[in-house]
Amino acid sequence: MIKAIIGKIIGTRNDRWIKQYKKQVLTINALEPTYEKMSDDELQNAFEELKKRVRSTEKDLQEKTLLEVLPESFAITREASKRILKMCHFDVQLIGGMVLNDGKIAEMKTGEGKTLVATLAVALNALKGESVYVVTVNDYLAHRDSKEMEPLYHFLGYSVGTITASVRDDDERLEIYSKDIVYGTNNEFGFDYLRDNMKYSLEHKVQKSHAFAIVDEVDSILIDEARTPLIISGPVDRRMENYNKADEVAKSMQVEIDFTIDEKNRAILITEEGIKKAENLFGVDNLYKIENAALSHHLDQALKANYLFFIDKDYIVANNEVVIVDEFTGRLSEGRRFSEGLHQALEAKEGVSIKEESQTLADITFQNYFRMFSKLAGMTGTAQTEATEFLEIYNLEVVSIPTNLAIKRKDLNDLIYKSEKEKFDAVILKIKELHDKGQPVLVGTASIEKSETLHALLKKERIPHTVLNAKQHTKEAEIIKDAGLKGAVTIATNMAGRGVDIKLTDEIKELGGLYIIGTERHESRRIDNQLRGRSGRQGDPGTSQFYLSLEDNLLRIFGSDRIKGVMEKLGLKDGEHIESKLVTRAVENAQKKVENLHFESRKHLLEYDDVANEQRKSVYKFRDELLDVNYDISAKIAENREYALNQIFSKLKAFDHQNLSEEELLGLKNILKEDFNAHVSLEDLKKASPIENFVAEKLKSDYENKMKVLDSEQRSRIERIVYLQILDNAWREHLYTMDNLKTGINLRGYNQKDPLVEYKKESYNLFLEFIEDIKTEAIKTFSKIQFENEQDSSDAERYLDNFSEEREHESVTYRHEEALDEDLNVAMKAFAKTPKRNEPCPCQSGKKYKDCCAKSGPKKGLFAK
């Protein structure tokens, strides 16, 4: 109450921001007459002067200089837009541009010209000479926006490029990223960052800096997509028959007897009866024994697939494949797969071919990718409901920009029916009424399944209509553009053509504009607001109303009993509804509960990913150092050699290494031969004094003699490439181990331990192990390098010539590793292959290598006779 009173007196924080920006608008407008009088050449020269001024400033002071030149830059950009695009930035659009430049989120309603607003901040920040990224949700918008704005940017002396999934050629991508302004999707930018950190040359990295990015539809990308990490992966061996068996077992189990469903948390809890049934069907005595861990995991995923995930809602089956439907946009997520074996479980459920599970080679969340930018800004029509999350996670403030014209759309109260059938009957009646009148109507549904239901009902009533869901996503822009035509009836899932305007004729405006019908409240208020926002653009008339039922998921799972109680007291007859602000508020409270659950889920994901992110940054930084031709890789190898020898001598019993027994010396001799390909006699070891210096000098001289056939450039390149391969392989194994750790860490909660604290502690220890593994593996590999012909360097030349940089998402990444091993065999011959940490130990103990000889040395031992 007090806060509201103070707000009315001094204005809200948003009001105060807008007031400050309006002062700048006056300054910009005062410059307009000056630039209007200039010729094109004079205007371009004036902008070039701004570039020189900013770029001649010290880097640390460039942001300050940008603020100083902002009025001139905005005024020139506006004048150029008038001449080139025949579009003039409104005052509110100038405010939007300033919000973006300040690294904030500009909340602008549909039709307010966000694409044009972005040009102001883009043109200003590109003055620094670093590429500016404009991020969109799909290839269509990236291509459309870049092509529409390109003439303006060219006039200002900027080059423009567009990154889409269709750009496959590495050289072409490199060329596009060299442009001043780069448009692209969040997925492409994120994957390119991961691919950059799998490259073997700094010159081949496409993203040179992360200076400034403007994220269009920022709520969709930074909120809705935040729970889905970007992953580049390669296949991993799994027994495919386990998925089908687990699916059979899951289908035979009964709800409430063998398992219970927690719909709020989307979880399955197996009962004691269910465990016994599963053990009987799998033919095992204890489902939760370590050796049956894979079976219990497959069963968990099969139960989720069968009882929590539904066809035409969470996924569709197309071309013998299970394709995910994005829950927020309603679009098909081509190429994306559910993790942890869930996708395979869905494939088994639907009887399509099961694709093998994959192992992570590189991954990052959008949260951590976009937080790398020195300055980040965003645009959307709906951000205030998530303002807390934007601030807490991304340090982004949300500023609501006033509309250019007052909003005339009427947002009516929700109508609530007892059953879904009654609700849809009422929706059909309303559509028929509007269609007969000629007023266009856009009907929003929460899933493909519901859009198909509505389609069938309209077909039965012979009402012509168009359906837009994930199955027709290729026609999205065309369908949405036509949604404002006279008599048009359009059914759309959540996708509803974001970024595509629905323009109305004067005749349609006279009829009342576009009528929005929502057939279900989404879990997020923001998605509902997006649907409403399709109507009433640029001061157009319009109406929106939601039709709900007590059988809707949101009300059934999260809605309070209060709504149900009200309806029962009123004694509503079939087909009757209630309409009240009290009920609408209760629905919004249910939405807030779900939004909070999702926020906590995203925060939880980020807390875990932050741990991995620190490790990722450390590894990628070291990787860049290795790629630098000035980095002293030979010194790093010498350092690793010293470390490896210290590890060996630290295991020797005797404190005084000069008094080693013959048994110990023999053990040392064997280790030197097996691990370092160093041939020393027992007599030499006995005579050596001090023995550590003798061994160190022996390993060093062997290596230097081997590398004599190479010139300094060849040697440096060979050493860097081999070291990079060792690092990449170790990182891949580390990610695999981290995935396994994360999968089981929540079980620590049953032992009264905080899973996150345990994860941080164990992941830190794993990272230390990872670093040690690199050091020891590096020196072993370099010690075993042997050129086929030690009299010339042709093998090395052949290796360097054949070394391929081709990487293309998952499969190419995996193929590249196979090709790399083959090339290494052409140029070098290793005398022994050290098993990977998770491979079976060669001593045939039955344990993994990391739990056996990796710790204690080979079974014949350091002190073997």
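Cβ coordinates are placed from backbone N, Cα and C, and glycine is handled just like the others.
Counting only same-chain residues six or more apart in sequence, the Cβ atoms lying under 8 angstroms from the Cβ of Gly111 (ATP binding site) belong to Asp501, Arg537, Gln538, Asp540. DSSP classifies Gly111 (ATP binding site) as coil under the three-state reduction. If you look up Swiss-Prot, you'll see Gln93, Gly111, Glu112, Gly113, Lys114, Thr115, Asp501 marked as ATP binding site, on the strength of sequence analysis.
As annotated by Swiss-Prot, Zn(2+) binding site applies to Cys841, Cys843, Cys852, Cys853, with the evidence given as sequence analysis.
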Distance in Å spanning the most remote Cα pair of Gln93, Gly111, Glu112, Gly113, Lys114, Thr115, Asp501, given for ATP: 17
Residues satisfying Cβ distance under 8 Å from Lys114 (ATP binding site), sequence separation of at least 6: Gly96, Ala106, Met108, Asp216, Met379, Thr380
Intrachain C-beta neighbours of Gln93 (ATP binding site), sequence separation six or more, cut-off 8 angstroms: Glu112, Gly113, Leu116, Val117, Leu120, Asn404
Local backbone state of Gln93 (ATP binding site), from DSSP in three classes: helix
Cβ-based isolation winner (fewest other Cβ atoms within 10 Å) among the binding-site residues Glu112, Asp501: Asp501
For Thr115 (ATP binding site), nearby residues of its own chain (Cβ under 8 Å, 6 or more apart in sequence): Asp145, Glu148, Met149, Asp216
Coarse DSSP state, helix versus strand versus coil, of Asp501 (ATP binding site): coil
